[in-house]
Amino acid sequence: MDSRCGVCKYIISDCERYVSDNTFYHVKCFICKICKCELPPCFRGKHASLMCGDCEIKLNAPKCFKSHFPIHSVSVVARNKEFHNNCFTCISCNEIIKGGFQYSDELFYCSKCDIIKPPPLPPPLIYKAPIATSKATTSITSPLPTKIPILSTANLIPPLSSSSPLATQISPKTSTIATTTVETTTAETTLPSPFKISQLKNSGDNIYSLSSPSSSSSSSSSSSSSSSSPPNTFNKSSDFLRNPLNNNVKSSSSSIGGNFVNKSQQQQQPIDSCSKSSISISPSSPRPTEDDIKEQVFLLQKQSVQLQIQQQLQQRQIEQLNKNQLGVQKPLNQQPQQQQQQFKPQSPNLSNNDTLDSFSNLNQSLPPPPLINTTTFSNPLLKTKNQSFPTPPTSHIIKENQSQQIPKPSSIDEVDQLPLPPPPITPIPSPSSSSIIINNQQQQQQESQLPPPPPTSIIIDQSILLPPPPPSTEILPQQQSPKLYKPRPKPIVLPPPPLDMEQLPLPPPPLLSSQINQSLKSTQHNQTTSPTIEIPIPPPLPIQKQSIPTRKPQLPQSSNPSPPSPPSPQPSSNIPPLSPKQQQEQQVEPIFSPTGSIIPTPPPPPPIFKMKPLRPQKFRAPTNYIPSLSLHRANKLSNSTEDHIKPPESLVLESSRIEKFEPTINGRKLTELLKHQTFDDIVGEVLNKRISIYKQLVKDDVIFGDVIAAGASGKVYKGIYKGRDVAIKVYSSENFCFNIDEFDREVTIMSLIDSDHPNFTRFYGANKQNKKYLFHVSELVKSGSLRDLLLDKEKPLLYFTQLSIASDIANAMKHLHSIGVIHRDLKSLNVLITEDFTAKVIDFGTSRNVDLAKHMTMNLGTSCYMSPELFKGNGYDETCDVYAFGIVLWEIIARKEPYENINSWSIPVMVAKGDRPTIPADCPSEYSKLIKACWTDKPKKRPSFKEICDTLKKISESLTLKRNKK
């Protein structure tokens, strides 16, 4: 049959033609249309075109998003971007991403690395200098960067007030020169920092200079003579710029900005005049360079540092002086007249000009007055606010005002009758001062409780001398006089009289081995719940009660005296008195030796330990597991009898706080609805009609703790809800997988599933007040997931324990499939293990009904737990959960990760080919058959979870029979 060539369209014969994709070609035409290479006879072209494999890949194959090279075979698709297997790496750790990943700003991060975003940099600080005009003054509105203190005599004097305003102005060079005086009450002024002053250089054509007059009176005259006084300005040739801190500083004059001020004159001025120094900024003809300005600022800073050092040295000297010598401030003239009249003497012997130089022997009951610091006080009785206290006096002599008088005694007998001078009034400092605050009420109480002091003062030369005050300035409480304790008399020990050995009773013989064996046999019938120690007590012996002799010691007589009995010990007040029967049992007659000493009684036989009989430990725990009662459950498993074990009352109260919440839909429970509807229809009705079937929690009732785990949709926190440890899963809008519909579906499914089932965690409720911050609360299992338990090789797992864990998972999945729910994400990470090795299945966010799952394609889940039909695009059904359970069974027996050291994006290819993890050689045959039946390629041949539960039950029963035979 003749046909035409697909390339040249000529008719070809049967002997010289090739067929590809139902198209005939000549031999010479059957070549690649791009590289013109010969194609093999069995070539099958893609896209109905004649192209070799290399050319096909170059034109039609997808390119890697990272390397931009074509992808030949297996590729990784993430976020609609294709990668090579080796190119899909984490940006942070540069490792191949296996499993989950995080995506942010078109960058991929592995689940182990956090998305690190550098914090935004703060805006740069730019100092904007004002632009000077020719006919108007401009003021600095923006705050200056730094504060540089200027050397002035005001630094050596305490400031008058800390709230004095500080104003600065810069005036340009004009016809009418204006200067602004800056009053520095705190001895500081603000100037630009050295690295910002260079910006002032190009701010305008005007030139500014800094000058400081000698006093406040000269500041007014500086404005009129600033234009014609070059000494007040500074330039390169100024001595102030060259070396303001030279040897001339040590003399009596100091240089400040080119003006010389006499220190002696300045110190003699009053406080108001010498505490103010003016700084005028006026224009000048020469233009200072940038180096001059930097040099000037450096010298000013150096000058201020030296001044601060001097002030600190002075302050330390004053503090050291105050510690060694206590200075007392005298009362002032501003005191009220009534208070001054109280201290006036009644004797006219002393005149008004007489002064009191010193006191002596003040009352010891009064505490020493505190040191008055050199700070400003608000008490009007001491000083006004505009005055400052001088430095504390170096001597202890307190001088009185002339208005106060003290009578002069006419004789020595009248010395004791003179009234003592009143103590100085202690000021109440302001909150900003650092002086000691005296509690007047406490001082008055101490004075009222003390007796009147004895007259111990002595007047010498019309003055009263004081003893040196204590070095400490703190107010100490009055020391009480120490109590005198008399030594206790030593007890008189009387030697015992000689004893007659014939009258002494003999000690009981020790127990024989036969008696001990009889006591052992008699105690075997008394079984208790805990180990007990039984010590046999010898039979009591009669004792003769005798009182302790109180007579004086006498020589022993030759007659046969009765042996004195030792004194009976008196019981303490804490020990309850014994009954007469108990006293008779405990009384044992002592045995005396010929010398009079007491012979010790023979030691009792060794204690007899009676251990409880061992019973096999129960493996399965009760169904109603409560995590807060884990200690109680552990004790219940360790003890043999369970009747004597009761949970603490506090735990019972905590568990009774949370009432069981049974969800209802239109007044009907889930069991009633499942008779007429499927589970998916019920969930769809709840979500569409927005019916709230779960308990609404208040955020204040939940206490959040540390983060336990984090995933793509949110984080899991450890918390407390009504006295019980809970797990709080938070869904935040910040996560890229956040979806409110998924949250509603998961909460609805967890509410409908029976929370009392032993293999599910208990669900307490959810909170949806904040749409961007949702969370639900469930039971906390502290032991962790099944994967953590399996990978921890230090914890041994018996085969019976492994079977029990597998049975719990199968029972949970059997309950889900019975109501028409498939889990769809069953894996070892979604199985929690309690302290008694009970398995609990969690994470129902991806659960769907069987009917809907048939029309769904694969878009979620972990690749190593997914069945082969999912990679072919088939629907998800119950058999997919069975395949995942087969992988979990292999993990339990092998205690390894499935497909270890293999890229997760290459696992689908291996699963589709039929590659499965290798079953260990020591795995039992029945268990191995169950694993192979669960992960077979044909879904119809996989067993159901009901059959799996029956198989595991038979395996465990056969294992117990083998144990009992042994």
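Cβ atoms are placed via backbone N, Cα and C, with glycine included.
With ILE708, ALA709, ALA710, GLY711, ALA712, SER713, GLY714, LYS715, VAL716 listed by Swiss-Prot as binding ATP, the candidate from LYS669, LYS689, LYS695, LYS729 annotated for that site turns out to be LYS729. Counting every protein chain shown, 20 other Cβ atoms lie within 10 Å of the Cβ of ASP825 (active site, proton acceptor). Counted with DSSP, the domain 'LIM zinc-binding 2' (63-120) comes out as 0 helix, 18 strand, 40 coil. Taken residue by residue with DSSP, ASP825 (active site, proton acceptor) is part of neither helix nor strand, so it is coil.
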